[in-house]
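In what follows, a structure is listed as structure tokens, so that the remarks can point back to it.
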Amino acid sequence: LQIFLGALAFSFFAKGFSGSYMKSMSSQIERRFEISSSIFGIIDGSFEIGNLMVMVLVSYLGPRVHRPKIIAVGCLIMSVGAFLSVMPQFLTGRYNYERITVSVDNSSTSVSACSPVSSEGLPVTDATETPSTMINVGCEKTTNSYLWLFVLVGNLLRGIGEAPIMPLGVSYIDDFSKEENSAFYIGLVRSSGMFGPTLGFLLGSFCASLWVDIGIVNTDAISINPKDTRWVGAWWLGLLICGAVNFIASLPFWFLPYSLPKEEENENLKISHLMPKQLFSVFSRVYSIYLSIADFLPALRKLFGNSIFVVFIFLTILQYNSLVGMITYETKFMEQQFNVSVAKAIFLIGVILLPITILGMFLGGFLIKKFKLHITEMAKFACITFIVAYLLNLLYFTCNCEVLQVAGLTAPYSGTKHLSSSKHIYMASCNAECGCKVDQWDPVCGDNGITYTTACFAGCKSSSGTGRNMVFHNCSCVEGQGLGPGNSSAVLGQCQRESCTKAFPYFLALQTACAFILALGGTPTYMIMFRSVSPDLKSFAVGIETLGGRVLGGLPAPIYFGALIDETCLKWGTKSCGGSGSCRVYDTKEFR
């Protein structure tokens, strides 16, 4: 039993580790495959679909199958899913981020963004490549744009593999441990699994700060930094680690028996008549599976005839919707609202929010034990915590942050006349002769604190420096903002919003308080379900609760949250073949 407990604790760790890592990579996957948030929502939801395909069957047939071996197969399938998700990285070429072509002045090292030549150019690939290969970049193969389907199928497999771990593992402990020890053991296994998500987010933070093609490309030649919305981290590296961890988690289960002696019993094995007994056990197992399938509908009717259980299911669905939607797009929200790099946002979630949530869950369980709360007292306690958390949530609206000032998009080219035509809102008299491409995004920040979609739209005629240290000079549109000719320069990257960065600690403190209070009420809520259903239906109730939460919460939430977030996009990126990619700038007020 001790070996099983250790193995199960590690498998709980492994599933939490890979699940949270996948969540933390949402922005990286969107940008790498140039997809919208709603499509990432479908990728994210595929995990739930996989889980649901087998969850009820596994929960129900649980005690009648070889549980350790089924868990081993589950961990192995999760490992295969993680490795499959990595495939696109090795099937596609390098990641070429959107970038304008600049013309080089023969007489010097200076380059000009504003020249009629740039209107003919294609997005430049990494500066390490020779000019001849740049010209032949052309269009990426159409098949490349569907490679995200590998990630979707990999995630689906992870969902299938994870399904047996919880119901079979918990019922196995419950069956073969002393009654007074089983709750302690289950708590121990679940709490050790809590370290998985924290480490998963920390790994996500590390991988997001590394360039996607690390080891192939000279990173000094890259002109963007991790705060840029075109930056893609080494998303695939962490998935390789997740796959390896899941594979290791499967190994001990292959060597564990179908059943164990009960903790207090000293089993006396009789070797005689072993073969007939084994045959009898196989027949009885098949017969019990047949009987259990026949009992399925009456058990379901009994559960849904329990009004407390039905109310609990509705509550679970609402909470799943809120939490899954929030966790999936949390890093994107922090990045867009508060000017924080995705790597830093992931790190803060892993180091502050998750440990606080774990503490809240522990404290909730401790209070139940300490004050010996009955079912009605637990319901009141949970109700108070949720109302307090809801009221605290309203304070999010005060975490104000101005929208990024982009010339021609959210801010006017002041002092200059707009050229009519809805498509050319970026065009003004100061850049009309530059021949700029409208659909590009390679932002520069002018001395006037306004961001321009490209150096061409800022009307920049010369530059100094290389790579990410390049500075553009003689920018006619920046001059037009009431600054003298001496101040008309622009640097690579969008302008920083200082007030947003200052508001970030308050947002983090508010979120930490909300997470703690919600977690505090989480344990009592979960216990209400156990205390309100009959003992023989407990494991089935857990399966139904998980199914309801996932079908109506975990599955749709990332998709509709993603679709709503897409509605707040102001500027979409462009794929090499045309067509919109992932979002570059959001209306932060609408997003919030």
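Cβ coordinates are placed from backbone N, Cα and C, and glycine is handled just like the others.
Model, not experiment: these values are computed from the prediction.
Per TrEMBL, these features apply:
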type	residues	note
DOMAIN	4-592	domain 'Major facilitator superfamily (MFS) profile'
DOMAIN	424-479	domain 'Kazal-like'
TRANSMEM	35-58	transmembrane segment
TRANSMEM	70-91	transmembrane segment
TRANSMEM	194-212	transmembrane segment
TRANSMEM	233-258	transmembrane segment
TRANSMEM	309-329	transmembrane segment
TRANSMEM	341-367	transmembrane segment
TRANSMEM	379-397	transmembrane segment
TRANSMEM	504-529	transmembrane segment
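Beyond the transmembrane segment (309-329), the same-chain residues lying 6 or more positions past its ends with a Cβ under 8 Å from any Cβ of the stretch are 23, 26, 37, 40-41, 44, 303, 525, 528-529, 532-533, 541, 544-545, 548-550, 552-554, 556-558, 560-562, 565. In terms of C-beta pairs under 8 Å, the stretch of 233-258, 341-367, 379-397 lying closest in packing to the transmembrane segment (504-529) is 341-367. Between the transmembrane segment (341-367) and the stretches 35-58, 194-212, 233-258, it is 194-212 that has the most C-beta pairs under 8 angstroms.
Beyond the transmembrane segment (35-58), the same-chain residues lying 6 or more positions past its ends with a Cβ under 8 Å from any Cβ of the stretch are 19, 22-23, 26, 29, 70, 148, 151-153, 155-164, 167-168, 328-329, 332, 543-544, 546-547, 550-551, 554-563, 565-566, 580-583.
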